[in-house]
């Protein structure tokens, strides 16, 4: 019957007939099941759009930018840094920076948490503490021991006098005076005298003295425990335990401060799209002003993940750096730890019923504060000092890329000879040495550019003879030797007269010390031949002068030879420069 009446009411509303200011008696009599009120704040600070499910998850990282590319030249040099060395650098530099970021004033983790707790001003301690786990924790030394509720005891039954003394009773060694009065002091059993022992003062004076003796004689029991225990039993409070459990949160949390941040583990994944970092972090936020019988400290411990993407950037210069992108803090849980000091400090993690809300608000607000801050972010400025260097060869970044093997930087190369800039042709570079941490490779075209320039500058005139190098080539030999071959056209009175051929054998023992090339080349021997042979005696002098001039010029320029800067935090400190079969130069460590 009432269903039909309700239907009639709905139709009347649609027709605009019924005035809803006065509720009809039929509706007033309908049974309604109301849920029990929940003592939670309606609006949490700094959490706009909290009900948006998309904001309750970790923010997806932005896609890293494409590898940095320079001009259209073909690379003629490469610097390589292995993934092991790169990860070692990140593992040494990231954890302290992550800790500083979480503790940063502008991220304001403690302030955000304080604002959340401040909204619970109508709540008491029981509304946020999972009191069941407290009553079961600590082996009778927590609130369960003090209230006579052991972990396996039915909380609906009256507590027994013997178990009621278990908590503080374990604090008093056998034989100390006053221990026998503890049962009277904490007579919280279900009998008629429940609670009277605490208020009539019997045994109270006998407990304070033993507590003083414990603090003095047992190193593991801190003085703060005694002070907190005393504060529970002031004479003017009739029910101190009730007052403790119903203490207003704002009275207990006078101040919040991030005391310690610790990075537990850091995983680094290197791929073609950059470096992905995941760090597990715990942050302890301490509160001052808590009154408790056996606990000296109330800690809020946040467990979070810090993620970031790291890409390479060069801005088309000779320097490459690491750019930290998409730093994100994801608070997974917020625990309360009650640190108990008896023989040692024992953390008792206590879950928050609000664990589904507090981490979400902290995550959103802390990331918002981090994004607004200009001083809390992670900057890897010491990865590369990016100094402008000069030398015989100039290097400009062509491509910088990250791969599972490590960081590779390819360079365009130009030779700066006699105030002239000569592009160095690029080509296919040899692979990086196996198991190398750091390596530098310079294409054979760099040495060829140098040799060709020397050949053009080695013309000689002597009496009526003139010699000019018309062909030059070089090839590697055993034991890091270099054979340089060149041909000379010799004219007499401007007419072709003879053709000479010279082979120079050069030892190569150059090194890279502290990222600088230390040249060491020596001319060990030379061989000459002339066509026609009958002109040999006449042209020997001019051919020797060509050799002297060419070698002098080559040696002078080679000593000015420079190498790519690479990364200043990972350089070659003492490495031999090897001449490969491909005529490329390579050094590694």
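Keep in mind that glycine also has a Cβ here, set from the backbone N, Cα and C atoms.
The region 'Disordered' annotation in Swiss-Prot falls on one of the ranges 96-120, 121-145, 146-170, namely 146-170. Per Swiss-Prot, the listed range annotated as region 'Disordered' is 49-71 (candidates: 26-48, 49-71, 72-94). The candidates are 388, 419; Swiss-Prot tags 419 with the feature N-linked glycosylation site. Looking at 315, 437, Swiss-Prot tags one of them with N-linked glycosylation site, and that residue is 437. Once Cβ contacts within 10 Å are tallied over all protein chains shown, the glycosylation sites 419, 437 are led by 437.
Between the CA atoms of residue 437 (N-linked glycosylation site) and residue 419 (N-linked glycosylation site) there is a gap of 36 Å.
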